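The following features are taken from TrEMBL:
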- 1-25: signal peptide (SIGNAL)
- 220-242: transmembrane segment (TRANSMEM)
- 286-311: transmembrane segment (TRANSMEM)
- 323-345: transmembrane segment (TRANSMEM)
- 357-381: transmembrane segment (TRANSMEM)
- 387-409: transmembrane segment (TRANSMEM)
- 444-466: transmembrane segment (TRANSMEM)
- 478-504: transmembrane segment (TRANSMEM)
- 516-536: transmembrane segment (TRANSMEM)
- 548-570: transmembrane segment (TRANSMEM)
Amino acid sequence: MGLCRWTIKVVVLTTVFSSLLPVRADEHDHKYTDKEEVVLWMNTVGPYHNRQETYKYFSLPFCVGTKKTISHYHETLGEALQGVELEFSGLDIKFKDEVMQTTYCDIELDKPKRDAFVYAIKNHYWYQMYIDDLPIWGIVGEADENGEDYYLWTYKKLEIGHNGNRIVDVNLTSEGKVKLVPNTRIPMSYSVKWKKSDVKFEDRFDKYLDPSFFQHRIHWFSIFNSFMMVIFLVGLVSMILMRTLRKDYARYSKEEEMDDMDRDLGDEYGWKQVHGDVFRPSSHPLIFSSLIGSGCQIFSVSLIVIVLAMIEDLYTERGSMLSTAIFVYAATSPVNGYFGGSLYAKQGGRRWIKQMFIGAFLIPAMVCGTAFFINFIAIYYHASRAIPFGTMVAVCCICFFVILPLNLVGTILGRNLSGQPNFPCRVNAVPRPIPEKKWFMEPAVIVCLGGILPFGSIFIEMYFIFTSFWAYKIYYVYGFMMLVLVILCIVTVCVTIVCTYFLLNAEDYRWQWTSFLSAASTAVYVYMYSFYYYFFKTKMYGLFQTSFYFGYMAVFSTALGIMCGAVGYMGTSAFVRKIYTNVKID
């Protein structure tokens, strides 16, 4: 049995990387002939307010149908990581074959079983099923107005719509309310009704979308508001910097015409005075270059996955978004190695192998470490979110046998193609002392304030993204997400350029970490917003759901911060190189 599970996991790992988009999770091609078997999968059950706290359907004392034989079912890597636990219902359903109300099993309700159902009803448990990859939801039961008696829904009334030889619609009606009384027998029944439908197979998931929520005028207004912020910010930055830089260039050109005596007596100040230190290697270059490389990779993954989601409806397949993200992350590992390795070489780093390892495993270690911690809680709760050991091994194999070699290739290319320190200014041997300046020009203050505008451009979109992940909404407006990503990058670059200009003008040349951290501070505001969302927009409760929420929100915020930091640094680096290239330095 153990060998079989290992074989399945190896097949899963191979399947994920055999195609850019994950294969369909079902065993057939969604085409049926009359009387052909249609499988009803039972997925998970759990409290309504805790979407991620899910358990196997048969962890509650439901009974199984009489049908025992079924064809093989394949599980994808994305499904395994998301806790999808499909189990056969045992119900006999055939294509276009109607079934009148039929009892398929009986529940012998002793006291432990009744207590389990009562606990589920008190906590508003509901379950999820699948027919032909179409999700169906139903509630376990309900209590009376006084909360003294509890009732179980015992009759599953299925209505399936078909268009030709394809299933395009499934509806479930729960009936047969039976009071839970110990030491009684409760019959469970079902019926199946087939009807013709005009819904096209390609449009069958449209009923699960919520256009009134995602395409609300507030959503459009937030995009317009962010876009106007970008126009204003870019115009303001361009006007200030162009006028200021023009005056700086004129002043520096005038100083070039002075003789040495006049120049010594003159009042020298501004960013030109730190030309011998501005390209000095940053402190801790190994960590810094690894963060920049990881941020560039996260940006590449975000861009590619959003484009793929716009082209292909990834939400129609279970676990496809996560599987696609894992594949794209592994495939873009050379981006991490190239930018991280080239930057480390430019800064004179010699321990490039160590830098490569840190860059390659920085994000995977953060994600896997958080998942490992939450996995202990999931195992304690016996939740379906507990990641199987075989899946952990598969993810580790991806890290060591795919991500690391590709990162090595990128690092070698980066060091050889763009690893030369071709700075426009020579770096002085002795660092220039940093003069005192006003408190609001200190790097710590700049870092704290730098993330406000980038967060302001995305916080409304964060609400829609959070709601789609932590509540029961399917996010499908990836065009909005692409616009927000572009706006975020533009605002981040503009803000970091302004912050860096004022920092250099104060003759403080510590701009590398300042530009990165001022942009990365966006993550702090996003994580603070997640606290507001948890306490005021959700009704989550319990140790498992709370740790899951804040754990993965910390991962999301950190990854977003690293991406913003890398984007801000890359834009600021181009700006700094540009202004010092245009100034004549003795």
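Even glycines carry a Cβ here, placed using N, Cα and C.
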Six or more residues out from either end of the transmembrane segment (357-381), which same-chain residues have a Cβ under 8 Å from its Cβ atoms?
53, 55, 286-287, 289-291, 293-294, 297-298, 329, 333, 336-337, 340-341, 387, 395-396, 399, 403-404, 407, 411, 543-544, 547-548, 551-552, 554-555, 558-559, 562
Is the transmembrane segment (516-536) in contact with the transmembrane segment (220-242), using three or more Cβ pairs under 8 angstroms as the rule and ignoring pairs under 6 apart in sequence?
no
Other parts of the chain folded back onto the transmembrane segment (478-504), taken as Cβ under 8 Å at six or more residues beyond its ends:
214, 219, 223, 226-227, 229-230, 233-234, 237, 240-241, 244, 271, 274, 278, 299, 302-303, 306-307, 309-310, 441, 443, 446, 450, 453-454, 457-458, 461, 464-465, 510-511, 514-515, 518-519, 522, 564, 567-569, 571-572, 575-576
Residues of the parent chain within Cβ reach of the transmembrane segment (444-466), under 8 Å, 6 or more residues beyond its termini:
213-214, 218-219, 222, 226, 229-230, 233, 475, 477, 480-481, 484, 487-488, 491-492, 495-496, 499, 502-503, 514, 517-526, 529-530, 533, 537, 564, 568
